């Protein structure tokens, strides 16, 4: 039974009753060796590497063009404004595509969707070297964006299934680094490919796209053999010993020697009962079954069994149920704000990509396409540096606050990390845009470019982990809703950024951008004050949705 009084996103993260003050594992792992939470560290690391490779395989073909947009414009006759508008359509369908692909992943498994999108995303980019009109360009970007869409939501879902709450930001940060780094490294390399193959019959900018597709296809082969399925229906076994003590039966895996298996006496006080409820339910409201009635688990999968693309197919056709749930998640204020936060982070990345070649290839900088590509080293450096803050520091902060609160963790604890973004974000936008307008030394402009881009990882990690911490049981659909909002915002900015700069100039555009950035990030203070209220208010509605899923046989 689900306890409707539990506030989603509130739980015991620290077991204060123990001398070592052990971290409580949320979600509670089962004792099944095939449970992704129980995988060995090496197996988890391999899967994380596959997620990173997948992110690069889809991210590179879509973003390699940013440093060579002027060359593409000359080669196709399509204006820069229309090229950027095409990118906006790609972002739009990268968001909308998750309304289909995320439910598809929940229906047939994540592994086949990873493989389909990796191959399809690369193949539809192959159309772009041959476009001759704006209509063809937009159509190619729409199809490529549609098949690339799982990159926006599926890795986050896999990470939430693989790692516990107290370590989630660290690995979500690795994904975010790969997402943004792929977007920054691709234009960097593209500038040199374009310059070195410009004299060929095909043309340098076309070779940029060809090489990105070759990389995507090679990655597909690796993923086919090594990316596993993480879908798992977790049911926790509950046993009672001779003294009447209830305990969640768990193998513990790597945690067995360092973390306590939580028990509570069935005849104990109500507060102890509440603690058991918190430990077994607040983390994931997992289905509990008596150890006497539980089915035996299958032995660990062999390598051949791991290659299956049908192992996670649902027996019932539940696609419409998943799609319906995705739309229902728009009723949750925290999901709406999570999408807004993620979107208000991504729009500055979009603004940078749309203006980078425009600013650096013009006087007084006069960068070549290769030098425009090299400028992306700065975002790469700042993204990696800020990863340690967005990932490890945020996880450490969550545990630290829980210890001070007597072991209780609140989903909003992570959001304090946004203070740094709130300070540096507007400043770096001013340094990039206003600095370029006044022709400051290129080093200053490049630093502003790098900081603005690197800060994106903080918004990304906080938005996703906050929503997942609040609504873990329906995190797949919640993430889809977040990504749709995010990409709608990015589409609007991609569509309007070129006319905005042309009509108001760099200085006015980026002064306005700095104030918009400050306002958007400042909304986190409102969520710090009201987040738990909204979680409590929407809790019964959320648990009804979870119970309805359980009635359909959905436990993930």
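Counting starts with 1 at the first residue shown.
Glycine is no exception: its Cβ is also placed from the backbone N, Cα and C atoms.
What TrEMBL records for 46-69 (among others) is transmembrane segment.
Here TrEMBL flags 81-101 (among others) as transmembrane segment.
Sequence annotations record features per position, and here TrEMBL assigns transmembrane segment to 169-193 (among others).
Feature annotation from TrEMBL assigns transmembrane segment to 205-227 (among others).
Annotation comment: TrEMBL describes 328-351 (among others) as transmembrane segment.
Under 8 Å from some Cβ of the transmembrane segment (373-394) lie the Cβ atoms of residues 67-68, 169-174, 176-177, 180-181, 184-185, 187-192, 194, 352, 356, 360, 367, 414, 417, 420, 446-447, 449-451, 453-458, 460-462, 465, all in the same chain and six or more residues away from its ends. Feature annotation from TrEMBL assigns transmembrane segment to 373-394 (among others).
TrEMBL lists 415-434 (among others) with the feature transmembrane segment.
The annotation transmembrane segment is assigned in TrEMBL to 440-466 (among others).
Summarising the annotation, TrEMBL assigns transmembrane segment to 478-498 (among others).
Under the heading transmembrane segment, TrEMBL lists 510-534 (among others). Nonlocal intrachain contacts for the transmembrane segment (510-534), taken as residues 6+ away from its ends with a CB within less than 8 angstroms of a stretch CB, comprise 7, 9-10, 332-334, 337, 340-341, 344, 348, 351, 410-412, 415-416, 418, 421-422, 425-427, 429-430, 432-434, 437, 459, 504.
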Winner by Cβ pairs under 8 Å against the transmembrane segment (205-227), considering only 46-69, 81-101, 415-434: 46-69
Contact yes or no, the transmembrane segment (169-193) and the transmembrane segment (415-434), 3+ Cβ pairs under 8 Å, gap 6+: no
Folded-back contacts onto the transmembrane segment (440-466), same chain, C-beta under 8 angstroms, at least six residues removed: 156, 168-169, 172-173, 176-177, 179-180, 184, 334, 338-339, 341-342, 344-346, 348-349, 352, 356, 359-360, 365, 375, 378-379, 381-383, 385-387, 389-391, 394, 411-412, 414-415, 417-418, 420-421, 424-425, 427-433, 479, 482, 486, 521
Chain residues outside the transmembrane segment (81-101) and at least six past its termini with a C-beta under 8 angstroms from it: 62, 65, 69, 72-73, 113, 117, 134, 137-138, 140-142, 144-154, 323, 326, 350, 353-354, 479-480, 483-488, 490-495, 497-499
